[in-house]
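**Q** My questions all concern the structure below.
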Amino acid sequence: EEDMYRDAEEIEREKILLREANSSEYKLSVSPEMDIMEYCRKEWRGNTPVAKRMRKGYEAVAQKFASIRRIRGDNYCAFRATLFQALSQATQLPGWLQSEDLTMLPENLLNKYDWIKQWQLKQKLGKKMGEISDEIKEYLILLRKKWRNISEIKDPIEKQEACDKLFKNEEEEYSLYEALKFLMLNTAIELYNDDKNGRRVPVFSWLLFARDTSSNPCQLMHNHLNHIGHTGGLEQVEMFLLAYALQYTIQVYRLYKYSTDEFITLYPNDPEEDWPVVTLITEDDRHYNIPVRMCQETML
């Protein structure tokens with residue numbers, strides 16, 4: 001059947017990606033680093049307008065970063081790319097992770113909002129489900145522990161090895177994503193309540209709750225957060241929410257937007273000055289990879 005939107009080269013490239021998805025390397029959560037322009041030449045060989053734009057985009061990224069690491073392409077990839085980058089450069093435990101209230105968060109929210117009982121926990125093979133608040137408390141404690149342990153490692157090679165090891169442990173890795181999702185829900189509830197009480201909220205918060213499918217935090221949980229990792233990934237407006245939950249600026253090279261004002265997009269677009277920055281790459285706003293090895297001249 002003729003495809004009116006993609007030429008033969010792009011269709012063939014998709015077939016190659018599907019074959020690679022079955023290879024063992026591709027199943028790694030974070031693949032080993034590769035020269036960024038070598039990766040680009042391998043992925044975008046043709047002369048279609050899309051391929052040319054992607055090459056230009058990669059050339060621009062290569063001015064700042066030498067290598068790329070490919071992120072496993074499931075519906076958690078935005079979480080995986082962001083968290084991997086944050087942990088790779090962590091030198092201290094963020095203030096919000098140090099708070100004693102963190103571990104009480106699930107219980108406190110469940111006492112206020114009965115609908116949170118319908119939170120969709122990931123299935124744990126061979127383990128009986130406990131109380132939802134206990135499960136989420138476990139995930140938050142694990143996030144704090146891993147973040148603290150990795151941030152205390154001074155040697156950059158050792159730190160990278162510790163990150164690689166963590167992202168090869170599927171049970172722990174997916175537990176961390178559950179913690180991130182719950183932190184996003186908590187942030188959404190805070191923003192929603194702030195707006196209702198007449199306090200100033202960021203613009204993305206209005207957009208988040210302007211959607212028919214998420215006019216309040218309960219709908220956001222049911223129609224969006226519960227599906228992340230299962231049937232869908234993060235939408236654009238939810239990238240803002242993730243950034244606010246982590247108190248990190250997420251800088252994304254959006255390659256298909258090369259030569260427009262949106263080529264480098266910041267989430268949030270008016271970040272706090274003291275928030276650390278992580279950098280991701282996307283070709284389509286659905287899948288994210290990470291650039292590594294910042295070029296020396298850029299660091300100076």
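Any Cβ shown, glycine's included, is placed from N, Cα and C.
According to TrEMBL, the active site annotation covers Asp74, His287. According to TrEMBL, the active site, nucleophile annotation covers Cys77. Taken from TrEMBL, the feature region 'Linear diubiquitin binding' applies to 231-237. What TrEMBL records for Glu262 is site 'Linear diubiquitin binding'.
For each feature listed, report its degree of burial, its nearest neighbours and the pertinent distances within the displayed model.
**A** Counting only residues at least six positions away in the same chain, the Cβ atoms of Gly229 sit under 8 Å from the Cβ of Asp74 (active site).
On its own chain, Cys77 (active site, nucleophile) has Ile71, Gly233, His287, Tyr288 as residues at least 6 apart in sequence with a Cβ closer than 8 Å to its own Cβ.
Confidence annotation: the region 'Linear diubiquitin binding' (231-237) carries a mean pLDDT of 91 in the model.
Glu262 (site 'Linear diubiquitin binding') is surrounded by 11 other CB atoms, counting those within 10 A of its CB over all protein chains shown.
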